[in-house]
């Protein structure tokens, strides 16, 4: 056969020279057809060439073998058999040829291989029956459709090898002409497998370079050579010092040692031999005081207030206290508190006493504020300490009883002994330690054990500069994986000779961890670096310390703690674990990269590849620290262990390299300096806390009483009360997103963007706690001019805005002005290091200003003020809408095609003149900005072409040099499938190629031709296995433990479970790579990449990838291109048109098909709702899970005549056959519904809407009247009179008939708990459903 042009189909006709069959040949074909009917095997199919078959017996000999019918029986008339040629129509032959046309390049004169239909029928020697059977053309083609590819060996060859004497006949008489029919399109070709063979992918192994060390490390073997020993100072030797602090901790009042004191950690300057050096130091600050503000009720005298305060203090055991009356301002969310200057009572008492109980009611006190403020917060605010800095400390007293691991330890009697140093001094050098451990599950698979620990040491690091990532030394400890396989004796000497000093081998894990704890104490690092240190490394270390009773475990921090945090099973208290690191700043490269670096894979080695970081090695092997499993055999030879240790050490170095690349140490330090919080908290990512401290410092300086830490609880209480009255308002509306004018635009698109929209709006309209009235009850609006000055300042004749008003706009203005000044300095700065510092400063200022609005809308922020947040977003919507309306007024030829929150896209209609586009943008900018004072719009970019698909989903060619010639372009993708990690690399590559052509094409015809040809080529290559395995890998993140996933629709969870069975480390948050192979269910088809590589029997499911991974994103990219249709694309790819097409759209369209006829077509609910989860509860007796299905229960009872006389219980355990309480089942059902709703709101897609609607429709039918139309009357009666049980307030069960009795209703008011629960759930989510009452009305 040969190929032809697209659009043609094939029509078959017999060649003129084909000879006719004689009678013997017809008999042979008849027998062959019987064989085809009886055989299900097609293994002996020749691949090509002449078909050879054994010579069949003649018709006469075959007839002799037939048994004679019994005497007296009339022979059954034998129907006339059709010949093969007669039984196959032209259409049948056409289908046959389509099925076996290999590709378009086969010559049309080739013979058709039909050997799979010709198999020898071997009759038994005793003369068995040889019944004749007819085979229609449809049956023939049905069997033909099940045939697979032919093997290379022929039947004749197999027969010869078996030793049988066979006669070979060449069937060259069945030849057909192939004529082209131009009216139809060709079928999809069936490509031959490529280099990948049967696996479905190309097996292309990248040669791996042997791993080797590239850095020179110091030869030290012990950390003691890196640190200064503790310096013992006698009392009186050092009374004043210069102290650089960077961390602090409050001593709880419940402890017996210095309760209510503070510990400051940092570096103390020490003079030695005329040189100043810095040693680690802990300063204990005693005699801290708490401050509480009390607002008297109107009409209460000061004496009454003082007396009541004294009574409260005496009741709580506060014996020492001071009370005085002061004037303060308040401007926040507690109702009833005056917002003008008011007289408050200030209570001060020692920090060793507990916080004051601020709960009322009180007789003369309206409210108590500040009781929840911590001593550490009061210290930072009152001493005006903003970030790490130098302190001049007087009255130092050397500590006799040391409680820290620092070289120096002092105490001071009062916080007033500390003051900020006025002279600007260089930051002291820091010591850094980067920690990397390798763990794997123990033999029982119960817990992680540590096999290798490596610490990279960095001495005398200037944190104001870029951090070097090559360490001064690396210390590494390793233990055997099995006690029966000790480590080689020459391991240390071998590693040292190879350039890796500092390696120590240990007999067991306890010796390894004891050594590690001691080394951390000797190193005395100021900063500890690690990848996922907080989420994994720290937790494992502390658990193993506890399990193995390591006495020096507290060297992980600088406080000599005696008690480890409490661990509850596998649960982790992250805050308690962080407390163990107090005094050492923790820099987690994983969490910081997630905050400051946008990618889809945050594994350390992946980040290093993306950032092009080298580390201290080159080359690679199959071992990845923290993921791979080490076997005793891998730790038996020094050479193999050396390779493993080198990888672990390299990961410790790469963590530092990632931190250095992101420059997060300098950035977080600058953010802390701006906000005035703790540096350690900024490193932990406490973004809202930074804004809280910035506002706390500001409002404290202005004599404002700030909100309590948990003021939102009070607010939520108000909301709960309003909800009961039905008056609770919905959450406020966010930014405006215009409906996009979807399509492909090839002219220039101008992008205008408001600079820092929300901070600018706060400045523009003076939106602040102090100016906006939230107490009047009316809708809040922009504050009028009279709200910009307080009464006291107005009485003093001061101008507006006064010092006590517009605090929030002033803070933002200060940040914006500072950033503008820094950017001005950046333009004239020449030194690279200074320029980097300025870049850090401006970035920190920008992040802080942009986060200011977030504290208003964040529910758990101390300064949460939803009315203000709503006012800001409302003004943002108005500003965007007015800009959209203004643009066509300024230039009627312009068209706004999209807008989102703070930006608009404008179609200019200009094709090739970038200067005209630039001038147009500058003109629009000037005219729009005339309308505002602080709000400013600017040109954010120019697009050469854009493909606009949906809201927040587009791809464009950005003109990077739009201010110049406009010849440089960069592709920008927002929100499309190709930027998500749950699409395989092949899908992303295909989409990228299609997108590049779409954005660069001249017309739609050119695009469609390319897309169809390209997708046809991709489909052929996928089926032929010409792509490598890495192209098919899908990665999904574990959001919970693999065991917690329910159902079979989570392939990554299935793969993760198998990884855990192989003792591989699997954690929540890990990306699980998997490949879909051939199989039935999706979860059964998913395999880890390494499983596929190691098992040649696993084959890539090419059809699944084409229809699920490639077709949908390409279809979405092209759906708005003129002339495109789904049928074109599916035909080019050779898949069914509906397969994978518009998955979300189709699900959304079918979502409303919840008619009674479409759902309830069976009496079995599981058949009506195959996708719904059945309801199962734990039996209260045997604790086994049992299904709940009342309708099935009734049907079972009615089917058994004997059981109808027994006591009937509707809910019975299927295992122990004991009855289940109705209210217990109702409670379990309610909890199940709430869990489904939680999962739905975490997803929220169209598919999730359909799923949750299906699930709750199933539940509604489960506990309602019989659901099937035509359900027997006796079943309905059983449901009504017996099965439908109602629970009364007297805890007695009633039937429906009894519940309908008015006398019973008056006494018991019975209700059906389960049906009531189903209806309650429906009311909560009725916006997702149709009217279900009408759905069940006709039953």
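Placed from the backbone N, Cα and C atoms, the Cβ positions cover glycine too.
Among the ranges 1103-1140, 1141-1178, 1179-1216, the one that Swiss-Prot lists as zinc finger is 1179-1216.
When secondary structure is read from DSSP and collapsed to three states, residue 1233 (Zn(2+) 2 binding site) falls in the helix class. The shortest Cα-Cα distance between residue 1233 (Zn(2+) 2 binding site) and any of the binding-site residues 1179, 1182, 1213, 1216 is the one to 1179. Confidence for the motif 'CysB motif' (1243-1271), expressed as mean pLDDT, is 67. Set side by side, the binding-site residues 1179, 1216, 1233 differ in how many other CB atoms lie within 10 angstroms of their CB, and the most is found at 1233.
With every protein chain in view, the residue among the binding-site residues 1182, 1213 whose Cβ has the most Cβ partners within 10 Å turns out to be 1213. Shown in sequence order, 1180, 1181, 1183, 1184, 1186, 1214, 1215, 1217, 1218 are the same-chain residues outside 1179, 1182, 1213, 1216 whose Cβ sits within 8 Å of the Cβ centre of the Zn(2+) 1 site. The secondary structure of residue 1182 (Zn(2+) 1 binding site), as reduced to three states from DSSP, is coil rather than helix or strand.
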